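Okay, structure first, notes after.
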Amino acid sequence: MMRPGAKQYVVARPLYSEDSFTGEYERVHRQRKTMLNHLKQYFTCDAKRAKNAALSLLPVIGWMKMYQFKEWLLNDIVSGVSTGLVAVLQGLAYCLLASLPPWYGLFSAFFPVIIYFFLGTSRHISVGPFPVLCLMIGSVVTRLVPDEGPAFNITAFEGLTMDDQRVLVASSVTFLVGIMQLAMGIMQVGFVVMYLSDTLVSGFTTAAAIHILVSQLKFVLGLQVPGLSGPLSIIYTLEIIFGKITSTNICDVVISLVIMVVVFIVKELNDRFKSKLPVPIPIEVIMTVIVCGVSYSFDFKTRFGVDVVGHIPKGYEAPMAPNLQIFQDTAVEAFPMAIVGFAVAFSVAKVYSVKHDYTIDGNQELIAFGVGNIFGASFKSFAASTALSRTAVQESTGGKTQIAGLLSAVIVMIVTLAIGFLLEPLPKSVLGAVVIVNLKGMLMQVREIPYLWRRDKPDCVVWLCTCIASILLGLDLGLAAGLGVELISVVLRTQFPRCSQLANIRGTDIYKDRKDYIDIYEPEGVKIFRIPSPIFFANIEFFRNKLVEAVGFNPLRVLRKRNKALRMIRRLLKTGDLQWTAKGFLNSSCGPIKESEDESTIEELDQPTDFKDLPARIDWNAELPANIIVPRVDVHSLILDFAAVSFLDISALKGLKTLLKELIRVEVEVFIVACDPYILEKLHDCCFFDDEVQPSIFFLTLHDAMLHILEKHPEAAEKKSDYDKIMTSVTVHYPGGGLRSRDRKASDPETRF
């Protein structure tokens with residue numbers, strides 16, 4: 001029944017197949033570009049393109065032109081100072097994850113920031129150390145230069161201390177990461193990050209947070225625990241920690257607990273009252289200054305055996321070339337670092353670009369981080385990305401552009417050149433506690449598991465597999481395993497899609513899954529089958545099985561049975577055991593008819609049924625003579641909805657054509673609707689059509705095909721008595737004939753629903 005006041009539309013148009021529509025409406029001929037055309041266009045250069053390239057390579061020129069000094073400068077200064085203080089502390093803290101002396105973290109919070117100021121497209125992210133990336137670098141560092149035992153046999157290690165060896169490894173790996181990121185940016189393959197879904201990244205970063213937590217326990221407890229890497233390293237590390245738990249330094253534990261409790265409470269207050277606070281309270285910096293002063297005053301290092309940061313050299317060290325031998329030993333680990341570093345930074349940048357309404361360029365971001373890591377590695381910094389907490393500080397304190405980032409680098413430089421010595425008495429347990437508190441956001445991602453399980457179980461499996469694999473196998477192998485599980489889930493969803501049978505919603509031209517609605521209309525002998533995915537080599541057999549299940553019979557089996565029956569009928573006619581009369585076939589044999597061995601080959605049985613030498617065409621759904629039994633086929637028309645089919649490969653083309661031929665040979669008319677024009681074009685190019693499978697089977701819409709079927713098979717329509725329930729009619733307009741709107745008769749070309 002029509003809802004009162006409901007909007008409605010009435011359309012009167014001809015019934016269209018693809019052929020008739022193409023014949024009536026001329027398409028625009030578009031020249032397709034060849035690979036050579038694309039290459040020529042890519043390498044062609046003119047003044048305009050050179051200018052655009054320069055602007056894209058130096059985004060700073062674009063946003064500096066529209067910089068509003070009066071409105072933005074003060075905000076950027078406040079944001080830069082606040083972010084710089086946090087960057088100093090996080091640089092020292094995250095450097096412990098990389099198994100390097102703490103002051104090298106200051107280098108990573110300075111050099112990449114300078115490069116990103118000129119080359120980056122995000123105006124809000126804070127570039128510098130990222131805990132997950134630091135941990136991945138630390139696993140490579142401890143593998144090549146372990147705490148216990150000899151280092152790898154690398155020529156450049158001769159004459160260097162352990163710290164210098166580790167710095168060489170970290171800077172060389174960072175240089176290699178930068179080369180990979182720069183190469184991907186130049187080759188315009190920034191899209192690779194799209195293969196890392198939010199679910200995968202969430203599971204991976206949660207596992208990384210657990211690794212980071214375990215790695216910081218030795219500083220919080222004041223234990224000497226060697227750095228381990230490789231599969232199950234987290235288990236072995238926990239085993240060592242629990243083995244030495246009786247040697248815990250109580251002073252370190254107390255300091256860490258106080259820091260964690262205070263920082264956690266103040267951070268919660270910052271979140272709750274962020275709308276009322278002009279800037280977030282820099283509690284990490286405040287607590288660090290307090291503990292640093294207390295440690296110096298009471299000489300924690302001597303009196304309580306607390307491990308402190310120690311001597312921080314003033315200034316920057318001379319540039320250093322990377323080691324090619326380390327490149328060879330770390331190339332496998334460097335690639336996931338390049339992907340993870342870029343993926344995290346790009347994800348954070350995308351959030352803030354949407355919030356502040358500007359665009360970012362993934363390929364340019366790769367170039368910016370690549371050049372930044374190459375430049376920073378030359379000055380002994382390690383791989384940089386962005387930390388969400390530091391970026392949140394930069395944005396929430398009013399930062400408008402990367403001038404805030406540049407000022408934060410200036411703060412880091414001041415600490416490095418002038419006042420770094422003030423941080424020498426800082427206990428490492430404070431840095432460990434700061435790292436652990438900042439893991440809250442990543443650890444709380446476990447709350448996504450129940451939501452994912454209720455909403456999307458395959459995504460939940462990807463999350464769990466990525467997280468568990470990353471915890472047990474290590475971050476590099478875990479990321480690869482998670483990516484593999486993710487791709488398998490995509491393949492399985494595509495290979496085993498949810499096919500469905502559709503039915504007409506009574507009184508409309510709308511077709512929905514027949515299981516989901518009550519008031520539906522299904523003409524007798526008509527099936528509508530929907531395929532909700534591409535059809536390719538991996539799912540063509542699944543598609544065939546589901547279609548056979550939907551129609552209720554196997555067309556190939558029916559065809560073979562019919563051909564066997566025809567051969568038997570011909571043999572009986574020839575021997576006189578069967579005769580043709582006006583009433584049909586008549587058994588003339590008195591005794592039972594024996595079945596003879598069928599000597600036909602499979603190839604012969606798969607051919608179309610041939611009635612040319614028989615006195616009449618056989619009705620396969622009627623009773624057959626001589627007790628011949630052939631499976632009954634109650635379907636005369638099948639509609640395949642290709643609206644969701646985005647492509648077909650060659651294997652699918654062959655399988656589809658074979659299936660269509662089998663259906664046509666058992667007298668089932670097949671119609672394909674809503675087919676993509678490019679798929680249709682591909683079918684023509686691949687010689688898909690022949691005498692049996694013709695282009696006329698393609699129709700524009702489901703309703704066009706259904707009207708065509710009901711016009712051709714009027715006996716399939718509903719009985720006259722059912723029209724009392726019908727509220728609307730679909731009127732087919734015939735050119736030159738006007739609009740026909742009358743009760744359906746057997747000869748009427750109009751069909752009502």
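Note: Cβ is positioned from N, Cα and C throughout, glycine not excepted.
Per TrEMBL, the range carrying the annotation transmembrane segment out of 277-298, 431-452, 629-650 is 277-298. Sequence-distant contacts of the transmembrane segment (100-119), counting only residues of its own chain at least 6 positions beyond either end whose CB sits under 8 Å from a CB of the stretch, comprise 57-60, 87-88, 90-94, 126-129, 138, 141, 163, 166-167, 170, 309, 312-313, 316, 364, 367-369, 371-373, 375-376, 379-384, 402-403, 405-406, 408-409, 412-413, 415-416, 420, 428, 431.
Take the transmembrane segment (366-383) and the stretches 165-184, 334-354, 461-488: counting Cβ pairs under 8 Å, 165-184 has the most. When Cβ-Cβ distances below 8 Å are used as the criterion, the transmembrane segment (461-488) is approached by residues 132, 135-136, 139, 195-197, 199-200, 202-204, 206-208, 210-211, 229-235, 332-333, 336-337, 339-340, 448-449, 452 of the same chain, each at least six residues removed from its ends.
Tertiary neighbourhood of the transmembrane segment (334-354): same-chain residues 121-125, 127, 130, 132-133, 136-137, 173, 176-177, 180-181, 184, 190, 192-193, 196, 198, 201, 204-205, 360, 362, 365-366, 369, 373, 383-386, 388, 391, 395, 475-476, 479-480, selected by CB-CB distance under 8 Å and a gap of 6+ residues from either end.
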